[in-house]
Every structure is written in structure tokens, then in C-alpha cells.
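Read through the structure below, which is laid out as C-alpha cells, and then see the notes.
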Amino acid sequence: MKLRLTEVFASIRDAEDKADEPICAYVYDLKALRQHVTGLVNTLPDNCKLFYAIKANSDLPVLKTLAPLVNGFEVSSGGELDWVREHFADIPVVFSGPGKLDRELSSAIEYNVECLHIESFNELQRLAEIAQRVGQVAAILLRVNLPVDNLVKSSLIMGGKPTPFGIHIQQLKECLSWLRVHPEIQLRGFHFHLLSHQLNAQAHLKLLETYQLQVRQWCDEYDLNIDHVNVGGGIGINYRQPEQQFDWETFSTGLATLLDNDVLSGVDIRFELGRYITAACGYYVMQVIDIKHSYGKNFLIGRGGTHHFRTPYAQGHSHPFHVLPVHAWSHPYTRPKISNEKVSIVGQLCTPKDLLAFDAPVKSVCCGDLLVFPYAGAYAWNISHHDFLRHPYPMKWYLPVE
Ligand SMILES: Cc1ncc(COP(=O)(O)O)c(C=O)c1O
């Protein structure tokens, strides 16, 4: 995704000009988001459908920007389902996630969820009871925890090893036999979401090929007639080397070739991407309050912290950032400054875990300058512990689509 830094930085400078104390803020570039997703949709092969996993960022302006572009939303809780249906009466919704309550399964039927992604045999049987009770057929995919050789290393692995996600492959036969005598459940296909943070296009193609061959084998072995396979999300953002992002062009071209092999002809492929859709539209901003030197290390203390932006600490990386110099300095004493040094960026929390960047070289930074963290549009504000220490929430604004 192409970042529109000039426009984003101008809006941040404008907010800082108007503020009477150091700022912290989230900025979302909806125009860039629209351009990015339009590009993804236009380059996917025809029989591929793009859903957005709203857990990555379910802000209403973000969802409103995406709704006309994607094939639907993926939700993972009753709360997300209520939120989507409150604002989007008709958009296709699929429902994933472990530990669904009976109440959530009932709402899924009531709210016309297009397909439920079933996580266990127990969940399947509970859904069948509810479907029977209300006299409706519930469409499902079985989410399978597939053992995969040489699964790429990622800090977020949901399958191919012991995890609470999906149905163990050895239980599949039992589920499929049970489904034959339960017409209140319609099996539409299979679901896989084995990992997040995939940065390698070829490795992702290989994984999709593994899914394809496995599903073909199940269809033959169990005489199944399915209409789609959901290959989950998982395409990553390279926070450590932001100039080297997932090569979408190689991926989409390779995908067209892969699907041309007709191993699963007539079967659609669905993606439910989260991070790769919204990460790049968001920016977190901190203004430098203090600069310290402590036992050989430099610290920039910014307004805000991991209670707003937990992504770097949660993923264990040093987040990339830009320094926007601010020239105004209204105090009679020397302005703290650091040049050509490595710094750690921390926030206002009383814990050493409040760390956003470390060992990061800076040319020059002064108290009062602005630090802008890109790729803060997914799993950022919405995974953070906002009320820890009761600091105020950051400012928030959206650069419009038009
Ligand atoms: C079932 C499921 N689908 C999709 C996603 C979205 O993953 P990502 O944001 O890595 O694309 C997740 C994330 O945890 C998930 O659990």
C-alpha cells in the first residue's frame, strides 16, 4: 500500500499547531485505504472473494470505507456481529472464532450470517440443536487444524500444532459422518487459518496449494460437494523492514496460475484478511515530552504509550517511526536535543514494558518534536489497555476518502 505521508504529516502538523499541550493521536487515511483495497480486489483472480476480518480494526469509518469494496465482513464474536448488523443490514457476514456461546450461534442464524466457521464437534452439535429448534438450515465450514510440513515460522501460529483452534484432523471423519444425517446443517466447505504475519508470497502460495490438494482429497474420499474454501487471513506487515512488504503482485499472479490447475474447479476461494487490509492506513502520533540519558541508553518519552498502541510490544518488535521537527520552543532554558544516537521510545506508563521502539538510530530529535508511527491501523488501538493509568484517550481523525 502506498503511504500518503505528505498529507498525513500535514494533518498532524495542523493538529499540533492548534494544541496547547503535547499531543498524542491516531490518524487514519481512508483515501489510501480505499486505493489499497481497490488494488487488492482488482488483482485477485475471479473465483477469489475478499472478506475483511474486522477484529483488526472495526472503527465505523474504516468499515464504511471497506463495505462497498469487499465481499463481506468476517466477525469473531457476538459483539462484532451486533456491531456489523447495527450499521450494515445487508452485507454478507461470516462468523469464526473459538468458544461461541449458544446465544451467539442463535444470533448468527437470526442475523442471517452467511456461513459459520465451526471450531469443534461440540459446537457443531450445539448449532444443529439451535437450527432444528428455529427450523432453519445453517450453512457452515469446518475449520480444520491441518498438520502442515515446514510451516513458515511466525510469532502467531494457530494451527499445524497443538492449539485451541479448529477441529483436529482425526475428528474430521466423525464430523463428516454425523453431518450426513443432519440436514439442518449444510456443509459448504472448509476453513483454514494456520498463521498470521506471513511475509513471503511464495510460501503463502505453497500453503494455499497444500489446502487445495487436501480439500480435493477429502472431497474424493468422502464424496463431498462443496462450494468454497476459506483460506483465512495471515498476510503480514513487515514492521521490522517496512520497505520490504509482502509482494502482492507475485502472490496474485501466482494465485491465478495455481487456480488454473482446476484441482478444485467450481470452488471459490475466500480470504478473510485483517492486518494486511488496514495496518497501513493508520498512524500513531506522540509528541516528545522528555529526553533522558540513563546508564548508556537514550530514552524519548512521548505523550501516550502502549495503552494506546500495544502493537510493538505485543509483537516484540521495535516499531518504525518518523520524526517531524517542531520549531516552536517557548521556554527560557535550553531545549533538550539528541543527535546521531540510538534511542528507545517509551510512553507515560510506569512500567518498563511501555516500549514502542528500541535501538533505533535518529539523526536529530528535540523535546516537542512529533514521532509518527506508521502501520498502526490494525491490532493497534483496539488491542490496547486504554484505561491503565487513566491517561486521556488520544485524539483521532480520519483523512477523508474524497
Ligand atoms: C479466524 C481468523 N481469520 C482471520 C484473521 C485475520 O488474520 P490477519 O489479521 O493475520 O489477516 C484471524 C486473526 O486472528 C483469525 O483468527
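Glycine is no exception: its Cβ is also placed from the backbone N, Cα and C atoms.
Annotation source TrEMBL lists domain 'Orn/DAP/Arg decarboxylase 2 C-terminal' at 26-377. The annotation domain 'Orn/DAP/Arg decarboxylase 2 N-terminal' is assigned in TrEMBL to 33-279. Taken from TrEMBL, the feature N6-(pyridoxal phosphate)lysine applies to K55. TrEMBL lists C350 with the feature active site, proton donor.
The secondary structure of the residue listed as 'active site, proton donor', as reduced to three states from DSSP, is coil rather than helix or strand.
For the domain 'Orn/DAP/Arg decarboxylase 2 N-terminal' (33-279), the model's average pLDDT works out to 95.
Taking the C-alpha positions, the distance from the residue listed as 'active site, proton donor' to K55 (N6-(pyridoxal phosphate)lysine) comes to 28 Å.
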